[in-house]
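J.: Sharing a structure, written as C-alpha cells. Questions coming.
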C-alpha cells in the first residue's frame, strides 16, 4: 500500500521514513480537502539536528497534530522489533497550490527502527501449500518441521515468523526443500491436540460398541425388559403378551352369529376347568385348535372370549413376531414361548395369522434360505415332538388354510379345525343387536330387514355398517339413527359416497336412467333371479348409477348356482346395452356397458371351461388346475388342450353371450312401455325402491320371461 507521506503532495525536502512494521499500521486522518496519512514511525522519530531549529516543542507539535485528528483515530501499534537503520527517501517537490499548510518543513519523530516484514510472505499463521512452495523456491524459508504422520509441517521463515502448512501427498516435496537449502526435521512426538485426537480414534470402537449396546437395551425395554435380560440377547426372546388372569373384557355372550364355533371352543374351556370329567372316560385334552374363516368373521374375538372364560394363564402373539432381522431368531422365540407356557401349564397360547410362519415348506427354488422353515420346524417340534407339550393348548387363527403345511394340520398338533363362517340371517340379526348397544335407534329400524339386505356380510362388516349409520346421523344433526341412515350407510359401503355436488346434464341423466331401467327390467322378468331392491341414478364412486339386487340367502350359503341362473345373470348385465340401442339407436351407443361385457365374458368362459355347461366340450375342465407357484405346486403355466379345442371354447362362449343378448332384447322390446315409465320415474325422483318398482309391473301387467330351455322343450 502506497504511503501518502511519500507522494508529491507532502511538503518538505527530506523525510526520514521507517520501514513498515510486521503488523498493520494504524493511521490518523487529517481534516483537509486532501487527506494525508502519517505513520507512527514518523511521529516518534527524533528530530534531525539540521532541521531542529524550525521544529516547535513536543507539546506544541502534539497540540498541532491532535487538533487536526478526527475523533475516529485508531490506536497505534506498540510492536517494536529491532530492524535495520532507516533509509533516506527523496520526496518530490510538492505543488504549492495543493499542499497541506500543516505539513510544510516538519520533521516528525520516529521510534526505534522496527523489523522489516517481507512483503512477499503471507501474514497469516496458516499458509496455503502453493504459497509455501513459492516461498521455498525464493529462499524465504529457513527450516521446516514435519509432524509425525507427515500430514502437516511448521515452517520458520528467514524473518523469524512461523506458520503451519497442510501437506498433500507430494513425493517431490523433500527434493524441493533440499535443493533450496531448507533445514528439514521431524517431530518426535504428537502435540497435545493430535494426541487427544489419536486417543479418541483408539477409543472409538469401544464407544461405538457401547452405543450399540445401549440402543439394543433401549429398544428391548431396558434391563429386565422382555425376557429378563435386556439388550441384544432379547432378540431370541418371545414377544408374546402374558396374562396370568386374562382380562380381555370379552366373553362368549359377546360373540354372536358363530354358535357352532362357540360350542367347539366351549368344550376346550370346559376341558381346562374340569379335566376330571374327560380323563375319567379316557379322553385327552386337545393340543391345538385352528380357527379358519374369512376375514372379519370373529376368529380373534373368539380367542379373546376363550381367554376371558377359561381363567387360566393366556399367552397371545402374532406369527409375524417370530421372524425378524437375524437368522435363527424365529426358532429361538418359538422355544422361548413354549418354555414359558410349559412353566405356567395348564395354559392357552394364541397365535394370530399363523400362515405368516406356517406356510407350506417350499421346493427350494432360488437357492436362498427361508427363515420361516426353521421357525415352522421348531413349532412342529414344540407342539408334538419328542418331549410333547402337556397342558399347553395352542389356539391359532388364519384365513388362508390352503397355504398351511400339512404337517401342521395333522391330528396331534391341531386336533380340531373350527370353521368360523359368515353368519346367516339369524346370526346377522344377533350381531346387529350386539353392535346396536349404546346407540339410539328409532322405532322404524327393523334388524331383520337389514339382515336380509346384507347377505354375506361378516361381523366386522355389520359393525362398520352401524358405525357409518351413527356417523351419518351425527352429520345430519339427528338425535336417533333411523332406517334411512342405515340404508344410506349400506349404499355408501357398497358403492361409495354420493356425489351430490356433481353437475349432471339432462341428457346424461336420461342416458343413465335408461341404463339402470334396462338392468332392472330384465332382472325382474327373469325367472329364479334375485329381486330388485333399489334403483338409483345418483353418481357414487366410479358409477353413474346403480341397481341393487337382493341375493338369495340359500344360494349364497350353499354356493350352488344353476345354469339358468348364470344365463339370467348374463342377460341382466346386457340389459343396459340393449336398452341403449333400442332407445338411442345403434349409432349413439356409449362405452357405459364396458364393465358389463367383462362380467358376461367371465361368466360365459367359466361355464364352458370349468362348470361343464357346454354340450360340445362336455364334462371336461379346460386349462390348468392352478396352484401356488411359490410353493412349487405349479412352476409354469401351459395349455393342456389343442388349438382346435380352443376354437371350440371360443365358439361356445360366443354362443352363450349371443343367447343372453337375444333374451334381453326380447324382454325390453316386449315391455318398452314399462321401460319408459321406469326411466321417467328415475329422472324425476333419482331413486326408486323395490316396492315402488314392483308396482309398475303390476300396473303394466308384465309377465315373466319363459326360459330358452322351456321353449326348446315345447
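Backbone N, Cα and C atoms are what each Cβ position is placed from, and that goes for glycine too.
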J.: Select one of 444, 446, 596: the residue that Swiss-Prot places in the Zn(2+) site alongside 515, 519.
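T.: Record check against Swiss-Prot: Zn(2+) site with 515, 519, extra candidate from 444, 446, 596 is 596.
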J.: Taking 175-195, 196-216, 217-237, 238-258 as the choices, which stretch does Swiss-Prot tie to transmembrane segment?
T.: 196-216
J.: Under DSSP, is residue 297 (ATP binding site) helix, strand or coil?
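T.: Once the DSSP labels are grouped into three classes, residue 297 (ATP binding site) ends up as coil.
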J.: In whole Å, how far does the CA atom of residue 293 (ATP binding site) lie from that of residue 515 (Zn(2+) binding site)?
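T.: Pair distance, Cα basis, whole Å: 38 Å.
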J.: If I take the Cα of residue 299 (ATP binding site) as reference, which of the recorded positions 515, 516, 519, 596 has the closest Cα?
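T.: Checking each of 515, 516, 519, 596 against residue 299 (ATP binding site), the shortest Cα distance is to 596.
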J.: When the Cα of residue 294 (ATP binding site) is compared with the Cα of each of the recorded positions 516, 519, 596, which one is closest?
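T.: Result: the closest of the recorded positions to residue 294 (ATP binding site) is 596.
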J.: Among 293, 294, 295, 296, 298, the binding-site residues in question, whose Cβ has the most other Cβ atoms within 10 Å in this structure?
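T.: Result of the Cβ crowding comparison: 298.
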J.: To the nearest whole angstrom, what is the C-alpha distance linking residue 297 (ATP binding site) and residue 596 (Zn(2+) binding site)?
T.: 31
J.: Looking only at DSSP and grouping its letters into three states, which state does residue 516 (active site) belong to?
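T.: In the DSSP reduction, residue 516 (active site) maps to helix.
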J.: Reduce the DSSP letter at residue 596 (Zn(2+) binding site) to three states and note it down.
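T.: DSSP call for residue 596 (Zn(2+) binding site): helix.
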J.: Same chain only, sequence gap of 6 or more: which residues have a CB within under 8 Å of the CB of residue 596 (Zn(2+) binding site)?
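T.: 573, 574, 576, 577 - these are the non-local Cβ neighbours of residue 596 (Zn(2+) binding site), listed in sequence order.
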